[in-house]
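What follows is a single structure, written as structure tokens, with notes after it.
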Amino acid sequence: MASLADRVRGNGRIAAGLLLNLLVSICIVFLNKWIYVHYGFPNMSLTLVHFVVTWLGLYVCQKLDIFAPKSLPPSKLLLLALSFCGFVVFTNLSLQNNTIGTYQLAKAMTTPVIIVIQTLCYKKTFSTKIRLTLIPITLGVILNSYYDVKFNFLGTVFAALGVLVTSLYQVWVGAKQHELQVNSMQLLYYQAPMSSAMLLVAVPFFEPVFAEGGIFGPWSVSALLMVLLSGVIAFMVNLSIYWIIGNTSPVTYNMFGHFKFCITLFGGYVLFKDPLSINQGLGMLCTLFGILAYTHFKLSEQEGSKSKLVQRP
């Protein structure tokens, strides 16, 4: 009975963690879009707030022994911290200048770009099945963008830059974690303050600081509360992802990611009244099919590799 009770409590914790991640992951997209649409808060300044709040949150976490910080040489993290800035800034600019549907589908192009980077730069090979899944993913994104009535060139440029820098960042994070033998929270604990310092230097060159529309400009209390809430939720997204990866299987994490993908698309059209054509809907279904197929084949290959290792004498 005790073991049954423990399993029930464990499943309850996992369900609560998944629910929290679902809520904050969807909320951060809609809240940021709301801040851009209704308050016009500057993009890089919002990203800076996110980084500072994330670092403060991680500082509290390590004081509470949620994770143990590891001493890392800053010189080895400079490029990673810079790409972290670029990935968040360009992703937020894509959200600011595109519909939520186009923003969300553009992010799906990260997978094909990562595969191209790893193939060309790291000589990594992928099976034919994996490579074929890139066709529906890419085709769906192109279909959606082509038939998006709110399509704009600037939004497309930001989306493309966001995908490229995000892909580089994800590849480098994996390489750095392996090289330095650290987990994602230990790495982020050093990245966040370094990225904050970089943005602190860059913001005055691209955005007003004390004038109207700047981070220290005359904002309403509601705008400041929304920005602070956005920073807290951004931290909770990172924390909940770390917890889910550590307490569930890769299948659970990936399938849950697809569920969030669909909910975010649906919520964008409901909350922001973005128009949706039949061709856009087909593009979304095409991309979702490609993502599901990629996940299925990737996880099957990983399980096959584990089985071979276990059977090896």
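Cβ atoms are placed via backbone N, Cα and C, with glycine included.
Annotated transmembrane segment per Swiss-Prot: 17-37 (among others), in sequence order.
The feature transmembrane segment is assigned by Swiss-Prot to 40-60 (among others), with sequence analysis given as support.
The annotation transmembrane segment is assigned in Swiss-Prot to 77-97 (among others). Distant neighbours of the transmembrane segment (77-97): 29, 32-33, 36, 43-44, 46-47, 50-51, 103, 106-107, 152, 154-155, 158-159, 161-162, 165-166, 168-169, 172-173, 176, 187, 190-191, 194-195, 198-199, 202; these residues of the same chain sit at least 6 beyond its ends, with a Cβ under 8 Å from one of its Cβ atoms.
Under the heading transmembrane segment, Swiss-Prot lists 100-120 (among others).
If you look up Swiss-Prot, you'll see 130-147 (among others) marked as transmembrane segment, on the strength of sequence analysis.
If you look up Swiss-Prot, you'll see 153-173 (among others) marked as transmembrane segment, on the strength of sequence analysis.
Per Swiss-Prot, the feature transmembrane segment maps to 187-206 (among others); the stated evidence is sequence analysis.
Summarising the annotation, Swiss-Prot assigns transmembrane segment to 225-245 (among others) and lists sequence analysis as the type of evidence. Beyond the transmembrane segment (225-245), the same-chain residues lying 6 or more positions past its ends with a Cβ under 8 Å from any Cβ of the stretch are 17-18, 20-21, 24-25, 27-28, 31-32, 34-35, 39, 41, 46, 49-50, 52-54, 57-58, 61, 183-185, 188, 219, 252-253, 256.
Per Swiss-Prot, the feature transmembrane segment maps to 252-272 (among others); the stated evidence is sequence analysis.
Below 8 angstroms of C-beta separation, residues 101, 105, 108, 111, 130, 133-150, 254-255, 258, 261-262, 265, 269 of the same chain, each at least six residues beyond the ends of the transmembrane segment (275-295), sit close to that stretch. Here Swiss-Prot flags 275-295 (among others) as transmembrane segment, drawing on sequence analysis.
Counted over residue pairs 6 or more apart, the CB atoms of the transmembrane segment (153-173) and the transmembrane segment (40-60) come under 8 Å in fewer than three pairs, which marks the two as apart. A Cβ distance under 8 Å defines the sequence-distant neighbours of the transmembrane segment (17-37), meaning residues of its chain 6+ beyond its ends; these are 43, 46, 92, 95-96, 100, 103-104, 223, 226-227, 229-230, 233-234, 236-237, 240-241, 243-244, 247-248, 252, 256, 259-260, 263-264, 267-268, 271-272. Where the transmembrane segment (40-60) meets the stretches 100-120, 130-147, 187-206, the count of C-beta pairs under 8 angstroms peaks at 187-206.
With a threshold of 8 Å between CB atoms, the same-chain residues lying at least 6 positions outside the transmembrane segment (187-206) that come near it are 42, 44-45, 47-48, 51-52, 54-55, 58-59, 62, 67, 69, 72, 74, 77-78, 80-82, 84-85, 88-89, 173, 176-177, 180, 215, 238.
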